[in-house]
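Peer 1: If you scroll down you'll find the structure; I have some questions about it.
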Amino acid sequence: MAVAEIKKEKGSSLSPEPSSPIQILSTEPDANTDIKQEKFTPKDILPGCKVHVSKDGEFRLAEILQEHIKKGRKVFYVHYQDFNKRLDEWIELDRIDFTRSLILPEIKADTKENKSKKKSKSKGQTKLSKNNTTANSTTGTPQPSDGQPIMGDDEMDLENLNVQGLKRPGEEFSREDEIKKLRTSGSMTQNHSEVARVRNLSTIILGEHIIEPWYFSPYPIELTEEDEIYICDFTLSYFGSKKQFERFRSKCSMKHPPGNEIYRDSKVSFWEIDGRKQRTWCRNLCLLSKLFLDHKTLYYDVDPFLFYIMTIKSDQGHHVVGYFSKEKESADGYNVACILTLPCYQKRGFGKLLIQFSYMLTKVERKVGSPEKPLSDLGLLSYRAYWTDTLVKLLVERNSPALFRKNNSQLEYDEAENGKDSSATPTPGPGSNASQSSILASAAASRSGLNSSPIFSNEITIEDISSITCMTTTDILHTLTTLQMLRYYKGQHIIVLTDQIMELYEKLVKKVKEKKKHELNPKLLHWTPPSFTANQLRFGW
């Protein structure tokens, strides 16, 4: 028999609250029956509180960030403690454990010490600003210092750095202030409210893939009330109902991104799209990518950017796998502004292909490049993996011609033998010291997207590595230091190829031989670096 647990207390009613859960028992309760008592009600839940929420079969402590009424149901947006922000989600009441204690937010009272620190800090900042003003107005006159270092334009105050981008108590930011905080390139988020906003879409259906978004994206507000959003994987148009989507697809004839196909091999294709010429498509792409990138902003339009889209082909057409964008004119020498592999295609090597292609374009431009900072956590991992593979392969094979000849394909050897790469590497004439290995190295370097004519030697400079790989010296030094390859020995710097480095090289070669790692072929690239006039680079032209 099922009964409801009823306790008669002073001032309490025998009738339960309509919104309160009632425990159901299969037998009559007795003294030994363990009855779970509710310690709070839904009315007690406020933003900032912490509750235990059912997640993947167990209860996890989560912080309530926001509450909302969606289609007549009360839902809460929660952040799981000690978990990545991309796991934040909307939950309903049935996933909350009301038998465990509700943890209220801590209220930090301003003590006398805190108040005195704030006052002294504000005085120091005022004094510093006065010194800066005087220094700027008077040239050649030294000014007294208060002992605090004055930071340059490229330095960060690590003590006061707001890492999460959340608005601190007492801080107010207008839209104009937020725009002023943006970098001049327009692709980084430094505004506070953008990062702090909660995820607004529950599920998107992209072609045949059902994807759960990670972050907020400014889609139309009417779509946020829908449980599922349908996105066309060719036009990237979005719809709130399946009927609208199917009607659109029955009339849509687009089968690939609206740009020029500049690369195609047996696995992937790349398309170049000008943001000014295809504004709608590129804006839809930015809205989609913002669902999976937390550190980007959409304040600026797409006109100043070129988009390079990677696709795979099926019977239906070319499906977007990922993309990267780059500024038409980058004052800082960045070759990538934003890069993303869609979650349904991640962990399949496509991220490294995007990175390799960006450096392939940089090589054609005869430049060195680096991605715009800061990178996302997944983006940083992908770049570190690419930089590691590139440097390990280059340094090991440069130091050992035997390994180079052993681990490069017979096709490259035949091309070098037959002179098919004579346009890139002139054939040595009589009396030349160039060996057959040098010709082979040139062919393989051209195929891998590196500069031609590598020399087999146990000496190399950082600038040489930069010219071969098109990586910046900063990225090279960062990677060598991370791998613990760069040492200081007897008054000079050396690069040490340890056993761990050789193991990395063998794993890399094994992946290529087993065709687990796809390599792009620069010979299949048909692309000329675009040039723009001053008027074309002007925003809003």
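Using the three backbone atoms N, Cα and C, a Cβ is placed for every residue, glycine included.
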Peer 1: Say Swiss-Prot lists Ala337, Cys338, Ile339, Leu340, Thr341, Gln346, Lys347, Arg348, Gly349, Phe350, Gly351, Lys352 as binding acetyl-CoA: which of Ser314, Ser376 is in the same site, per that record?
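Peer 2: Candidate in the recorded acetyl-CoA site: Ser376.
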Peer 1: With the ranges 229-254, 489-514 to choose from, which does Swiss-Prot describe as zinc finger?
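Peer 2: Based on what Swiss-Prot states, zinc finger spans 229-254.
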Peer 1: Hey, does DSSP put Cys338 (site 'Important for catalytic activity') in a helix, a strand, or just coil?
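Peer 2: In the DSSP reduction, Cys338 (site 'Important for catalytic activity') maps to strand.
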Peer 1: Given Cys338 (site 'Important for catalytic activity') and Glu372 (active site, proton donor/acceptor), what distance in Å do their CA atoms have, once rounded to a whole number?
Peer 2: 7
